[in-house]
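*Asks:* Per TrEMBL, the features are:
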TRANSMEM  16-35  transmembrane segment
DOMAIN    20-306  domain 'Sugar phosphate transporter'
TRANSMEM  47-72  transmembrane segment
TRANSMEM  84-102  transmembrane segment
TRANSMEM  108-130  transmembrane segment
TRANSMEM  165-189  transmembrane segment
TRANSMEM  201-220  transmembrane segment
TRANSMEM  235-255  transmembrane segment
TRANSMEM  262-283  transmembrane segment
TRANSMEM  289-306  transmembrane segment
REGION    318-351  region 'Disordered'
Amino acid sequence: MGKGGALSEGVVKKIVVSYAYVAIWIFLSFTVIVYNKYILDKKMYNWPYPISLTMIHMGFCSSIAYLLVRVFKVVDPVTMSWDLYLKSVVPIGLLYSVSLWLSNSAYIYLSVSFIQMLKALMPVAVYSIGILFKKEGFNSETMANMISISIGVGIAAYGEAKFDSWGVILQLAAVAFEATRLVMIQILLTSKGITLNPITSLYYVAPCCLVFLFFPWLFVEYPLLKESSSFHFDYVVFGTNSLCAFALNLAVFLLVGKTSALTMNVAGVVKDWLLIAFSWSVIKDTVTPINLFGYGLAFLGVGYYNHAKLQALKAKEAQKKAQQEPDEEAGRLLEEREGNNNGAKRNESHN
């Protein structure tokens, strides 16, 4: 009874901790999205410089990560050669920087609610790119599900009151780059047995992003900022915004590390609905019935995809457990046999 009670307490504690991580991630993700929209939107803070904003985030994250790794030694750096860094981290940094740049740019042209609807295409992009790089096997049922998600997003786009073609192109490109980055992490890092914790991830990737963003910034935004002599750097706005971005980066890695990527996908769906509701009720973005119908269809497709992945994970774990049991049984039999042989030898020596 005591043992069962202790087990129950452990299970309850694990569930509470998991939900806490989910809640923290949803809150921070929600805050960063709304804050970025507020800064970039011409009708709000009116600072439409997405590359500059992303560079401020990456510069802040790089500095904090450097202090935590090199100065305060909170975590140890990962042993990584320059060759491995150039071949693995640099491509991931490039994809991440472009993804952030494009997704932040989309907030200038599109509503928060519509951007979340377009982000429902992420599983479609990850699955398609996974097939392209031979990390996923083609499955007709999964592909049919991906098509249903795409149709749902297409209906949502058709019903969008403030449709902007350039904004949609930017957001779809951001989804494609982010999906490629996720697949590349599997190919370039995970397959080589390299695991980065939240702080070391930022320590290695954020400076790389900063360098890649500098070149387009120099030609695209620097001349505009130079002309805008009225601009004064607001330390409170950009400081708190960067702090939220840093906290979100930690929360992403913690959520995946302490729960699973699947949990994050499910939490992401909840966050999207909250953002759509907030966008409609507080920011006063127009959300049409066709929008909601299309996104509802895409939502069902994403939900089914997550359910199928969960079932596949359970089947994989059950198979692993089934394989371990014969090995454990064989080990026990071997120990018994050795024990019997040793006993027989001792008896012979006594005789």
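Glycine is no exception: its Cβ is also placed from the backbone N, Cα and C atoms.
A TrEMBL annotation is a machine prediction, not a hand-curated record.
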*Asks:* For the transmembrane segment (47-72), which stretch among 16-35, 84-102, 108-130, 289-306 has the most Cβ pairs under 8 A?
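*Replies:* Ranked by Cβ pairs under 8 Å, first place goes to 84-102.
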*Asks:* Is it the case that the transmembrane segment (201-220) and the transmembrane segment (16-35) have 3 or more CB pairs under 8 Å, with pairs at least 6 apart in sequence?
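*Replies:* Stretch pair does not touch.
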*Asks:* Under a Cβ pair cut-off of under 8 Å, which of the recorded stretches 16-35, 165-189, 289-306 contacts the transmembrane segment (235-255) most often?
*Replies:* 16-35
*Asks:* I need to check the long-range neighbours of the transmembrane segment (16-35): which residues 6 or more away from its ends have a CB within less than 8 Å of a CB in the stretch?
*Replies:* 112, 240-241, 244-245, 247-248, 251-252, 254-255, 258-259, 263-264, 267-268, 270-271, 274-275, 278
*Asks:* By Cβ distance under 8 Å, which residues at least 6 away from the ends of the transmembrane segment (84-102) in the same chain are close to it?
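*Replies:* Cβ under 8 Å, 6 or more out: 50-51, 54, 57-58, 170-171, 173-174, 177-178, 180-181, 184-185, 188-189, 192, 194, 204-205, 208-213, 216.
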*Asks:* Over the span of the domain 'Sugar phosphate transporter' (20-306), how high is the average pLDDT in this prediction?
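*Replies:* Summarising the domain 'Sugar phosphate transporter' (20-306) by its mean pLDDT gives 91.
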